[in-house]
Amino acid sequence: MLPSDLVNYKKKSRKIIALTAWDSISGSIAEQANVDLVLVGDSLAMVCLGYKSTLPLTLENIIYHTNAVSRGFKKKIEEQPLVVSDMPFLTYQCGEDKAVEYAGKIIQSTYAKAVKVEGAEPEIQKVISRLIRMGIPVMGHIGLTPQSYLNIGLRKQGESLASQEKIKKEASILEELGCFSIVLEHIPDLLAKEIKNSLTIPIIGIGAGNYCDGQVRVTADLLGLNDDQPPFCQPIIQGKKLFKDKLKEWVDSERLN
């Protein structure tokens with residue numbers, strides 16, 4: 001799977017499904033579930049490493065976990081899902097040269113075929129443009145951008161007219177820069193629909209309604225493994241309680257033997 005395949009999926013109106021993964025087991029499960037894209041997201045800082053936000057995640061962390069995820073794949077190379085790695089906080093906000101160096105390390109050192117970059121501010125636009133010119137595919141990410149939570153919080157974006165116009169303009173700019181896809185997070189459904197219909201690249205939603213070209217979810221949220229669930233992700237099972245109860249049964253039974 002290559003980034004260009006997702007663009008072709010949109011042309012064919014084929015829904016794109018993505019999940020996050022953080023180790024070989026979650027990577028293997030995602031592959032066996034037949035997802036199109038596996039995102040090694042900076043959410044692993046909280047899901048896997050116990051941090052309270054995505055900000056502490058390092059470049060070394062993302063490289064380590066991206067390789068772990070890929071080792072879980074068992075299908076033929078051409079049948080494996082596309083792997084996209086998040087660029088951690090301060091690996092692309094530090095100037096074009098450093099961003100190229102850090103993104104290059106991710107692509108060179110892992111099986112990732114693209115990186116995801118949050119935001120569309122003028123300085124981020126320059127970074128994205130440079131990365132793409134250097135041959136590194138980029139997935140954009142606008143709306144709620146968790147790496148900016150200290151400034152904007154974690155509230156829903158695009159609820160005012162000004163905010164909606166800003167997000168629409170950012171999406172258009174990201175396509176013009178050459179992004180192969182854009183993640184829209186926690187914005188109104190109809191805004192996502194308007195953006196999707198105005199662009200030729202696929203729009204992947206998370207908390208952006210069902211009109212998008214595809215959906216991505218944090219696997220741990222979907223499986224109910226986290227104590228704090230985002231408002232836009234309804235768990236399909238209460239995984240944490242299920243595993244806890246079953247393990248407690250085993251512990252109690254072993255104590256009686």
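Including glycine, each Cβ sits where the backbone N, Cα and C put it.
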Item to check | Further binder of Mg(2+) named by Swiss-Prot next to ASP42, GLU118, taken from the candidates ASP5, ASP23, ASP86, ASP97 | outcome: ASP86
Checklist entry - So, in DSSP terms, is ASP42 (Mg(2+) binding site) helix, strand, or coil? => result coil
Item to check | Pairwise CA distance, ASP86 (Mg(2+) binding site) versus LYS116 (3-methyl-2-oxobutanoate binding site), rounded so that it is a whole Å | outcome: 5
Checklist entry - Rounded to the nearest angstrom, how far is the Cα of ASP42 (Mg(2+) binding site) from the Cα of GLU185 (active site, proton acceptor)? => result 14
Item to check | LYS116 (3-methyl-2-oxobutanoate binding site) and ASP42 (Mg(2+) binding site), distance between Cα atoms, whole Å | outcome: 10
Checklist entry - In Å, how long is the longest CA to CA span across ASP42, SER43, ASP86, LYS116, which the record gives as the 3-methyl-2-oxobutanoate binders? => result 13
Next on the checklist: Suppose we draw a 10 Å sphere around the Cβ of LYS116 (3-methyl-2-oxobutanoate binding site). How many other Cβ atoms does it contain, all chains included?
Outcome noted: 24
